[in-house]
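Visitor: One structure, as structure tokens, below. Some questions next.
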């Protein structure tokens, strides 16, 4: 029977370094062509099934429960006793310094060495795990850490303490911690994120319990007795290791259970002749290569970025925990309360880590763990700045809660992210290399912080430095992983795939591909520090070929800008720290300021060039120049403006200046880019330029109302001045109420306040009334211009644009355009003047608080930018929806007869209800955007107020600000914030209306697609019409679909010509070309030998009268419809035309005769409507009368009378009819079919030819006979 080897067991004493490595190998073979996003679940299924029947022979896969819960509980206890222990050593700092005569820097080395050994012992731990197994290694670590702490209680010097408590105990922690995390990865695959979060709760548990225990032991036994007891407590790691029983795995002969990356060639291993020293050296190199993931660091960009980010983060991540208790006690807090802070931190971690683990285990977070982790780092770093604001117990409790929440996320995801960027078979070696890298920064971080405290005597400098370090690490991770994901997606992979890999080498069960192929292993050179650094730089610089070189994206600009600001803050902090360590009283004088500005500019330029591409380089370069030049220019101006008698003291090292400088630079850059820079140095689209041009053009339409505008803005300025003076006089009255002022002065101030209030009310009312009057005049002019422009368009324009939509544009869009621009201009000017006046008063009261207030401007601008984009889209959709709804209602009401005949009332009601539902959804979305935007502004305002109050407390305590000045400042703060919000809202609302303005101006600027009219208007017209090779197709039809194909025909003047043909043959197209409703693509149409476009359009339409088969009567009287379009038509002429059409008698019998109102076409019969159309044509005295399918609609006597009247006057009649009886008497018949003239002649001639006309005539007679039957 084959002996089965246990992971962490004793039979073979070997541990697989993967979470079920056999499962990983099976999955690697089966899922090479499986998409990355599906592999996690398949790996879990494989592990649950066990794959016992495969060649790899897994007999006991990851249970994701069962005994795994016991292992998870043991891991929690191990992490509580190891990771949390170094943070609690700060309780004993005072006794250690007194007994060993050490300073802060020396005592800080104890937890630093302990933490460094905990991480640096990773390779040795990996060797022990391979030889002994996880269970024995954890137990060995418990014994070693207990012995180390026990021996520490007997040390006589700080150096001995470094060895016992630092090195020995730290190695024991390493041997207990890393195997526990490794075996936990074997037990949990599907619930890995939850298991890691729960295990990291052990750190929180230790932070909660160990400070209280340490403080109690310190009070009762002193530090030596406490160390002795703590050594016994650490022996519990042995108990935890005993319950970590291994999973059973089997393997094929010759198949290794551990994958350590590239191995040495077999021929080199077989060299027996090498000397002993060479064999020892080769053994060391082999072990180092196996247990340190150098190949991963060189070939896996994601692991490289993650390792660098975590290494930099550890420089400032654990330092606040070490110095929290000394910081609290140094500021007068009792030792018990100070230790309670760590316990609160532990309680917060214990409470929130399990929910975080459940949340982060959800499917949505797969692939996003690293971004959540980096965001938590940002919050964690920024939380350290709370300690810079205050040191009271309440403030530190707030700090501990915020720090604990972010620390919980970081601890929950730290190992989950690492397991996602490398495959589990390489996890122990990858963790070992990462731990060694972290040990360097963990080793130097606390001593550097202690040196900073010794130099400055202030602890808050440490927390400020930690803020810069941790935040910069979070920014680095976000930017780097986003660039890597973008490059991978643009190369055809997914964002979860690292670049340069194929689907075959995806790490099984992992989120990213990480293991190089065999070819890569053969080509890989031995990893060195220079090689890894070079590859890191190359991996980040490759984004110049993958990032889009087009439009600027707001998210990228924000990320890059924040990165530049953080790097500048880091450089300034380094400069400030250097001056403090060198014991300079100031900042080195003006020359040193300029020298540092030049050096910093060089660093920032290099950083911006390295960080971004050419699209954003100009913008970030301007920001870098502002950051570098602001401080030296300010000091130079201050030196020039100072009196000669006062010596220049030079700038002082002030953290407030470090914060306010970047804030002012950012505000200046934003204002410059938004207000003065056309394209912000970036290749953007032409939309901002179009917006500015459209708005300037819109303002030109206010020119006729210049006097009204001047008066309105005069009233506006007077109202704003009076409104600004109100708080000032209120303050005076309050001051007089406090003191014993004379009654005359008091009543005088009351009278002045009353006048100012009345003036504000009066001028505000005049301003509003004048603006509304101007708006009304503007809307009237714009509607008149737009309506005239629409009527000049060609017919094709109205075919492509619905009448209801155009009507909506004419009404609602013009109203909204004028109202938005006029009212927003009013609001923007009013708020701008008010802001300038109030800002001057606020700067006079406190320029520091004013600068803090200005921090809100760029943040509001970013929020406004996002709101503008969303609201613009929604507004455009709402306008289109309104037009659609109005058009739908108009069409339904207009075609009510068709609707009623088909019983489609419910169908039309449903369509209208659906349109209203879409409109309701859009309006709800617009309201949601407005609500979120308003809520964001209020929360931002509240945060700025809290920051100002905290900073004002420091100013008042130092005497730089009085309570009365602070009260006056806040009286002006709310109005100025309201003004700023109004400016941004008005600006955004105006930009969101640009789409509407563009549509209206598009209609105004559109030129009809037809030839310009000529100037011919002869008194006499023969009426002879000639078509010469006319080819025509409708604009909306396909290019190959010709309505007329080289049509050539002649319509003799003074004759009756009939145009006959089946439906769709091109008859109506000929009539449309005659009326110049369309233009022919080829050929010409001549009227009396002249092209139609040489005649005046009005003259042409008067002499060529068309009676169409589709009649349209307008609302109004019958006389109005008859005289439609004629200016000098007398009533006698109308009656005469009605008599010619045999309709005068009938019209005279109506109640109101010719003044009878026509409400659309529904109130008249079809015959009467065609009679009105004939009268409307005859009243114009046409030379050419065109009748389109009219004969069947009117009485035969009326038709013959009209023909006789026109022909007797020498006119020409062109008749189009399906009733061939009416065309048999025509002087000439033209038969057209499929857009071509086939036959011409009289009726007898065409019938005798027995051609297409004869065939068409016979078919029509047969159809008529069947219909009569």
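Just so you know, glycine gets a Cβ as well, placed from its N, Cα and C.
Just so you know, TrEMBL annotations are computer predictions that nobody has curated.
Just lifted these from TrEMBL, have a look:
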type: COMPBIAS; residues: 27-40; note: compositional bias 'Basic and acidic residues'
type: DOMAIN; residues: 70-485; note: domain 'Major facilitator superfamily (MFS) profile'
type: DOMAIN; residues: 710-992; note: domain 'ABC transmembrane type-1'
type: DOMAIN; residues: 1025-1259; note: domain 'ABC transporter'
type: REGION; residues: 1-60; note: region 'Disordered'
type: TRANSMEM; residues: 137-155; note: transmembrane segment
type: TRANSMEM; residues: 161-181; note: transmembrane segment
type: TRANSMEM; residues: 193-213; note: transmembrane segment
type: TRANSMEM; residues: 225-244; note: transmembrane segment
type: TRANSMEM; residues: 305-326; note: transmembrane segment
type: TRANSMEM; residues: 370-392; note: transmembrane segment
type: TRANSMEM; residues: 398-418; note: transmembrane segment
type: TRANSMEM; residues: 459-484; note: transmembrane segment
type: TRANSMEM; residues: 557-582; note: transmembrane segment
type: TRANSMEM; residues: 594-611; note: transmembrane segment
type: TRANSMEM; residues: 749-775; note: transmembrane segment
type: TRANSMEM; residues: 928-949; note: transmembrane segment
Visitor: Need a quick answer: max count of Cβ pairs under 8 Å to the transmembrane segment (161-181), which of 137-155, 193-213, 398-418, 459-484, 594-611 is it?
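Guide: Most contacts with the transmembrane segment (161-181): 137-155.
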Visitor: To the transmembrane segment (305-326), which of 137-155, 193-213, 370-392, 459-484, 594-611 is linked by the most Cβ pairs under 8 Å?
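Guide: Selected stretch: 459-484, with the most Cβ pairs under 8 Å.
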Visitor: Look over the recorded stretches 137-155, 193-213, 370-392, 594-611 and say which has the most C-beta pairs under 8 A to the transmembrane segment (225-244).
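Guide: That would be 137-155.
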Visitor: Cβ under 8 Å to the transmembrane segment (137-155), counting only same-chain residues 6 or more beyond its ends: which ones?
Guide: 78, 81-82, 125, 128-129, 161, 164-165, 167-177, 179-180, 224-225, 227-228, 230-242, 244
Visitor: Which sequence positions outside the transmembrane segment (193-213), separated from its termini by at least 6 residues, show Cβ-Cβ distances below 8 Å to it?
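Guide: For the transmembrane segment (193-213), the far contacts come to 68, 72, 75-85, 87-88, 91, 180-181, 184, 187, 230, 233, 321, 325, 339-340, 342-343, 345-350, 353-354, 356-358, 360-361, 365, 369, 404, 407-408, 411-416, 419.
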